[in-house]
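Okay, here's the structure, questions in a sec.
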Amino acid sequence: MRDTVGILVALTFLLRVKGEAPRGGYCIEKQCFAVFQDQVDFGTAQKHCEDNNGHNGHLMTVRSLISHSILLILLGIHTGNYWIGLQLPSGQCPDQALGLRGYRWITGDTETEFQNWGHFDDVCSSNCISVSKYDFEWKEQPCNSKIDGFICEYKLDSPCQHVMVKGDESVLYDNPLGFKGDNLLVLPLGTIATLKSLGSKYICHSEQWIQAPWNCDVFNGGCSHDCTSVNHEPVCTCPPGKTLQDNNVTCEFALNDPCHDSGCAHLCQKKDDSYACMCHHGYALAEDGKECKDIDYCKGYELENDTCVDVDECFMGPCEHECTNTIGSYICSCFDGFISMTEDANRCKLLCLAEECPTECDRSKTYQCYCPIGYLLDDRNGSSVCVDIDECEMDSYCHSNCTNTYGGYLCSCDEGFDLVGEYDCVERESSEGSGFTTPYTPSAKHPTERPFTVKAGGLLGMIVCIVVVILVMVVLIHLILKRRGNLDIAFESQGVGNHDLQQVSTDKYHKLSFDRHFII
C-alpha cells in the first residue's frame, strides 16, 4: 500500500517551484497565495503564475473582504507596488457606471463583492491594477510597466490540514509552492511536515499525512542519507559508523556498530546486535548475502525479496524432447535415435547410422513420414523405410574421388592434389601431405535433401510419364508434316502454281469475272 501511495505522490515532483522562490505565502480553505518580488510587466507576471509547474495559478483576484485581508498579511513586510489580476480589456475605455468600472478579472469575469479604488484617471489606454502596503488601494498602471512584484493565486486539490501534535511540539512545513512556515493551516499536495523535536517526517497526499520513509523516488523517501527498497518497502539507511534513529529517517553516530566490518557491498542496516546487507535500486542481493548484482544479471531468475531465485524454464516446455533445468538456464536433449539440430538446439532430428533406418511419421497424419537428410523414403511390403542415397553414383558431387557414407559422402583427391572447398581438387604446389579427404553431409540447400519425401515407385512413374509425353509429341509432329505434304500435291494438281501477272482493264475484268462465274 505504501509503495502505491508513493508512486502517486511522485507527481508532486511537478509541483516544486523552480526559479525565483516566493517571498511569502498564505493558504486558506482550498486556495494558496504567494507574493513574488520580481520586476516584470503585467503579462509576464500572469505567465509566471500560470507556468508555476502545474499549479493552475493566475494573478490574485481580490473579490471579497477576506481576500483583501489576506492581501494585508502578504504585503505586511514588503514595500513597493504589486500586480493583481485586474485589467482593462483591450480597446475599451473605463466607465464608472459599470461593474469594476469596465475592468475585468484575469479570469474573464467581473464578479466581485469588494472594491477599493484609489485615484481614477478615466483614460482610454491599456491599464492594469496594482496595490501597495501603504494604502492597499487599487491603482492604475500601464500594463507594460515593470513594477516591484506580483501576487499569485492557486487552487488546491486534496489539501491537508495541519498535523495534529501533542503538547508544545512544533511542526515546520515545507510548501511545494516554495515558502515555509510553522503556522500554516492548509497545506497543498506534496507538502513535507517535519516534527522539530523528533525529526519525524510526513508528506501530504490526498488529504492524508504519510509518514516517512515513503517511496524512494519521491524526495529520497524523506531519508536524510539514503533510501532503498527492501521487499518492496522503502527503508532509510545510514553510512558506516552511523545508525538509524528511532524516527526511521535520520542517522546518528553509533558505538560498536555491527555494520562497520559487515562487508556489505552497498548498504548495511543494523538489526539489534546484528546487521543485514541491502542493495541500491536496480540491484539484487547475491547468494552470499553481501554482494549485489545488477538486476539484468537475473536473467533466468526471478527477483524475490531483492534476491535472484532460479526459475525452472523446463516448466514452459522449451525442448522438443527432453529438458533438464540448470541454475539460471536449461539443457535440451534428444531421445535415442535422434540428435540435436544445428540450427535450433531445442529441436531434434533423426539420426541414422546404417544403410536403412525406420521413418519418422507424423502421429496426426498416418501417411506423412520423413527421413533424415541424405536418405530416401521407400515403401516395402506396406511399410516405409529410409534408404541411404549413394551420392557417388550421381557423378555431380566430387571432382575426383567419392566415398559414400551413411547420410552423406566423402570427397578426396589423388596423390599430388589438395581438396579445395567441398568438391574440387587442385594440384599441390608443395610436397606436404597427400590425398586429403574431407567428409561432407548434405545441408538444407543441397539437392540430396529433397528426395527423401519422394518414394521409389513415384520416381519410376514420373519417368514413364515423361517417356509417354515424348512419344505423343513425336507422333503429332509426324502427322502435321504428312498433312502438309498432301496439301502441296493438291495445289499442284489444280494448276495453282507460278503465274505471270498482267495489267487488266475494267472491261476485261468484267468479262473475266463473267467467264469465271459461268465456269463455276
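Any Cβ shown, glycine's included, is placed from N, Cα and C.
Grabbed the feature section from TrEMBL, which reads as follows:
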- 1-19: signal peptide (SIGNAL)
- 28-146: domain 'C-type lectin' (DOMAIN)
- 310-349: domain 'EGF-like' (DOMAIN)
- 388-426: domain 'EGF-like' (DOMAIN)
- C392-C402: disulfide bond (DISULFID)
- 459-481: transmembrane segment (TRANSMEM)
Taking the Cβ of C392 (disulfide bond) as the reference point, list residues of the same chain whose Cβ is under 8 angstroms away and which are at least six residues distant in sequence.
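Counting only residues 6 or more apart in sequence, the Cβ neighbours of C392 (disulfide bond) under 8 Å are C398, C402, T403, N404, Y409.
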By DSSP assignment, list the helix, strand and coil residue numbers for the domain 'EGF-like' (310-349), in that order.
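Taking each residue of the domain 'EGF-like' (310-349) in turn, the totals are 4 helix, 16 strand, 20 coil.
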Starting from the Cβ of C402 (disulfide bond), draw a 10 Å sphere and report how many other Cβ atoms land inside it.
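Its Cβ has 20 other Cβ atoms within 10 Å.
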